[in-house]
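Below is one structure, written out as structure tokens, with a few remarks after it.
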Ligand SMILES: NC(=O)C1=CN([C@@H]2O[C@H](COP(=O)(O)OP(=O)(O)OC[C@H]3O[C@@H](n4cnc5c(N)ncnc54)[C@H](O)[C@@H]3O)[C@@H](O)[C@H]2O)[C@@H](O)CC1
Ligand SMILES: [K+]
């Protein structure tokens, strides 16, 4: 499990060490970690450090100091380096050390921004030390003019690689929001602990890969703001059939999905649930959808009954339900049943407050906007996308339900906390039907959940696990070309086999 902390909490944890005079030592530890990561990246990309070209973007604070000290170490290994100062008063000792190793220095202005961008683009590595946890708001002029610099991952591997010092400059270390211009990175080397701003919203997308350098803060940190499940955590949440199990004891999932307008969503949700592994799927829906389900998935038991007459351990309701009134009623009944229930797509519009954490809402940004607005907290999609962490927390607290917000980093908030973030997905997963398969995976995890309600956050953990399995299946599928939702069940099986064998 990876634990991330708000930038403010990390700064508070640093304070006693700073008060004890350990500031310079902490900075050297941070700079050494940044140097090691940057050197490793240069070695992987070009085989050696000697002869490489580095640009350091250095702002006024300690973040710039870290980056300049790290670049000084690269200078000592034969890299030629230019420091571009984005403020007048950069860390004087770090700048002196950089100059002392033969580094070149220039000051960024509006007039030379084009030249600096060209310098960056012709270099092998850019170290972004403009703003760290002390940054307020987005990048300001003239540094804002550098935000057009694209990291190698967005240029299909072409130089330069951009390495962010502690966090991408311009991103809020607490929320991941981008109040203005910001820089994107290939790799973020973060100090003391990952910041929550690297795991949510624009910050999660801007960070690229995240590496954490231990500078001795962990004993000073309290409750994490966001957690991320790793493979071992997910493997521990999966229930495998025991020798004495039969189809009913393994877990039966009820799926109320599809409509005359959208029958395919029901097929995708059912296929994903079966691939994740359940004792049985009981499918409820209109006749043409049932026929399709029986053709595609003969093992599913189909009926047109109501939720109350259907014996299951968990529900999925909503994918492809459209305006079908019977399906909407089933979603309402599933929410009221007390059983774990995934409420997706159109069914989210039937959500009221006073739900329990066993109800898991799975909106995308547009659906979350509508949900919050229906609950009297009017907002717009741009606001949700700019700061998804605050909005997903608000939705969980207002409804009492667990809320999974789909995105580049999928966020899951339990009412009152905790929050999980999973970012294994590939942009190729942004395809029709992808969300329906996520519902099926999560429904299957809920139906087979042998651990029961557990403590706070139990359902959020299962939802985070489902998001991770979905993301990994998408990434695996993308190795063979563009992702089609109907091919995801095969990839889900392979991902789960990997977890179960490890
Ligand atoms: N404090 C410590 O003990 C340690 C700090 N470390 C580094 O120090 C960073 C925090 O250092 P600082 O507190 O100096 O903060 P920053 O390095 O983020 O810089 C803050 C400075 O930038 C200015 N500023 C704020 N927002 C701005 C904006 N939007 N545009 C232009 N200028 C802006 C502020 O006036 C201030 O001068 C961390 O991110 C980390 O990189 C590490 O060296 C580890 C130890
Ligand atoms: K930075």
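Residue numbers in this text run from 1 along the chain shown.
In case you wondered, yes, glycine gets a Cβ from its N, Cα and C as well.
Unlike curated records, TrEMBL annotations are generated automatically.
For reference, TrEMBL has these:
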- 62-66, 132-138, 166, 265, 320, 364, 436: (6S)-NADPHX binding site (BINDING)
- 63, 128, 169: K(+) binding site (BINDING)
- 406, 407, 408, 409, 410, 435: AMP binding site (BINDING)
- 10-223: domain 'YjeF N-terminal' (DOMAIN)
- 230-499: domain 'YjeF C-terminal' (DOMAIN)
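Burial estimate for the binding-site residues (65, 407): highest at 65, by number of other CB atoms within 10 Å. When every Cα pair among 406, 407, 408, 409, 410, 435 is compared, the largest distance found for this AMP site is 14 Å.
With a CB cut-off of under 6 A applied against ligand 1, the binding-site residues 63, 136, 166, 406 are reduced to 63, 136, 166. In this structure, the binding-site residues that sit close to ligand 2, with a C-beta under 6 angstroms from any of its atoms, are 63, 169, chosen from 63, 169, 407. For residue 169 (K(+) binding site), the nearest neighbour among the listed binding-site residues (133, 407, 409, 410), judged by C-alpha distance, is 133.
For the K(+) site, the Cβ centre of 63, 128, 169 serves as reference, and the other residues of the chain with Cβ at most 8 Å from it are 57, 59, 64, 67, 129, 130, 131, 132, 135, 164, 165, 166, 167, 168, 183. Take the CB of residue 62 ((6S)-NADPHX binding site) and look out to 10 A: across all protein chains shown you find 23 other CB atoms. Note: the AMP site is recorded as 406, 407, 408, 409, 410, 435; in the same chain, 364, 405, 411, 425, 467 also have Cβ atoms within 8 Å of that site's Cβ centroid.
Within 10 Å of residue 435 (AMP binding site), counting CA to CA, the binding-site residues 63, 166, 364 contribute 364. Per-residue pLDDT, averaged along the domain 'YjeF N-terminal' (10-223), amounts to 96 for this model.
Residue 166 ((6S)-NADPHX binding site) has its Cα within 10 Å of the Cα of these binding-site residues: 63, 128, taken from 63, 128, 406, 408, 409, 410.
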